[in-house]
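**Q** Sharing a structure below in structure tokens format, with a few things to ask.
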Amino acid sequence: MAFNDLLKQVGGVGRFQLIQVTMVVAPLLLMASHNTLQNFTAAIPAHHCRPPANANLSKDGGLEAWLPLDKQGRPESCLRFPFPHNGTEANGTGVTEPCLDGWVYDNSTFPSTIVTEWNLVCSHRAFRQLAQSLFMVGVLLGAMMFGYLADRLGRRKVLILNYLQTAVSGTCAAYAPNYTVYCIFRLLSGMSLASIAINCMTLNMEWMPIHTRAYVGTLIGYVYSLGQFLLAGIAYAVPHWRHLQLAVSVPFFVAFIYSWFFIESARWYSSSGRLDLTLRALQRVARINGKQEEGAKLSIEVLQTSLQKELTLNKGQASAMELLRCPTLRRLFLCLSMLWFATSFAYYGLVMDLQGFGVSMYLIQVIFGAVDLPAKFVCFLVINSMGRRPAQLASLLLAGICILVNGIIPRGHTIIRTSLAVLGKGCLASSFNCIFLYTGELYPTMIRQTGLGMGSTMARVGSIVSPLISMTAEFYPSIPLFIFGAVPVAASAVTALLPETLGQPLPDTVQDLKSRSRGKQKQQQLEQQKQMIPLQVSTQEKNGL
């Protein structure tokens with residue numbers, strides 16, 4: 001409780017918290033756009049083979065003479081006749097060939113995408129999904145690397161670097177001359193965006209008192225959801241993929257400029273043993289919050305007394321290996337990894353297939369964003385009233401059930417299937433909201449950012465595996481849905497192994513975690529003893545004593 005008392009002394013939730021939270025959270029609007037950007041920049045418009053250069057369509061009988069029809073009576077996308085198909089014996093054999101002269105695309109909805117510019121269709125169709133997978137690989141690498149660096153160098157320095165990297169790599173991707181260069185810059189964007197997400201949560205949470213952490217976590221979730229609305233609007237207004245890529249990347253230059261005014265986490269300073277910087281940060285916050293007199297009362301000696309436990313126990317450098325060495329941290333790491341993986345695995349299985357719903361992609365994008373608002377509000381109520389653990393369990397379990405039921409319903413029931421998918425997506429968005437907050441509250445300060453980074457890493461593993469599972473639909477259409485639904489249902493059971501953090505102070509050390517666990521065991525023993533006392537009295541009364 002020592003550091004929380006210091007926060008209250010310098011103003012609790014004051015002007016500084018409101019300003020910094022707003023500035024840190026604002027870029028998340030466009031982070032949501034980057035994560036699902038390829039739904040629009042890599043959209044696949046209707047297309048068919050281009051007839052040979054020497055073809056005379058007016059003489060041959062029109063375009064239909066060169067294009068075979070599929071089972072639905074539509075022109076084939078990847079095949080054409082080698083000669084005009086006019087019903088003669090020579091040309092009526094059904095012999096086809098690939099699109100040797102390229103493709104003709106329907107540009108009415110999407111004037112230009114990476115698919116149409118680099119012909120990522122037919123035999124090259126897998127390259128479209130590869131670009132998104134490489135972006136997620138970047139997110140995975142960024143979560144691992146920058147999560148560790150943030151625990152070593154601080155949250156503020158890493159955020160400044162991440163804003164610049166996102167702005168530069170995103171802008172360069174918009175001017176990529178070929179597919180390979182585009183993928184490289186998208187990977188770099190993914191690395192920095194992963195770090196922005198986890199550093200945003202941590203920096204805000206470490207400057208907030210206990211009773212406000214759930215509010216901040218919910219706010220971050222809502223900003224991300226609003227970013228999905230924003231993407232639909234920007235993509236509709238800017239349909240050209242290069243212009244859209246620029247529109248969601250250039251604003252990060254603004255974030256890079258104002259991020260120099262962020263104040264580093266005093267909690268991180270103290271956990272690193274740098275009391276001079278801790279004092280300076282707290283006094284600066286006190287001035288902004290109008291608590292100069294309270295800030296003046298602070299000194300190195302006061303901090304040494306207040307933070308004696310943290311300074312004694314936080315001597316070692318945090319590393320990812322600590323998550324496996326310590327039994328207490330190892331159990332947390334394994335359980336949280338399963339929750340992160342399951343949430344991301346099912347989430348991206350749904351949101352990266354907007355064209356599969358058979359309706360306007362812009363409309364589905366808006367609906368997917370809209371469902372987050374009530375879903376996250378309900379999650380917020382559960383988090384604050386019942387706790388983090390029930391909220392995490394319910395969101396994963398309900399999401400899995402919705403997806404599993406969706407796999408059973410026949411394909412013709414479009415409205416029901418879409419409704420279940422939207423409901424499942426809302427539950428998974430709530431799960432993301434909860435797991436960010438829950439993870440940050442479970443790990444001690446000395447390794448919190450590393451823990452969040454490793455959790456985000458497991459989430460990216462899920463998002464990378466998800467497209468591979470989607471490919472199993474070629475064998476049976478419902479196989480992906482059964483898998484996407486079963487994983488979160490199974491993972492929901494893991495929440496029973498995690499402690500509740502509602503109303504608990506943030507742990508600063510591993511010792512805090514162990515003390516909390518021992519305190520819970522003692523409380524359970526006392527409750528059992530209280531239940532046994534009336535029974536003993538009742539037995540004595542029956543014996544006439």
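Including glycine, each Cβ sits where the backbone N, Cα and C put it.
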**Q** Same side of the membrane or not: does Swiss-Prot put GLN9 with PRO75?
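**A** No - Swiss-Prot names a different topological domain for GLN9 than for PRO75.
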**Q** Of the residues in the topological domain 'Extracellular' (411-419), how many are helix, strand and coil by DSSP?
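**A** Computed counts for the topological domain 'Extracellular' (411-419) are 6 helix, 0 strand, 3 coil.
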**Q** Taking the Cβ of ASN178 (N-linked glycosylation site) as reference, which residues of that chain separated by at least 6 in sequence fall under 8 Å from it?
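**A** Correct list: TRP118.
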**Q** Quickly jot the same-chain residues contacting the topological domain 'Cytoplasmic' (202-218) by Cβ under 8 Å, restricted to those at least six beyond its ends, or write none.
**A** 4, 7-8, 12-13, 16-17, 20-21, 24-25, 150, 155-156, 159, 262-263, 265-268, 285, 376-377, 379-380, 383-384, 433-434, 436-437, 440-441, 445, 448-449, 452, 503-506
**Q** At a 10 Å cut-off from the C-beta of ASN39 (N-linked glycosylation site), count the other C-beta atoms across all protein chains.
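**A** A count of 22.
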**Q** Select the range from 243-263, 332-352, 451-471 that forms the most Cβ-Cβ pairs under 8 Å with the transmembrane segment (420-440).
**A** 332-352
**Q** Should anything in the same chain at least six residues away from the transmembrane segment (243-263) have a Cβ under 8 Å from its Cβ atoms, list it; otherwise answer none.
**A** 16, 20, 23-24, 26-27, 30, 33-34, 37, 40-41, 156, 159-160, 163-164, 166-167, 169-171, 173-174, 189, 203, 207, 231, 234-235, 281, 284-285
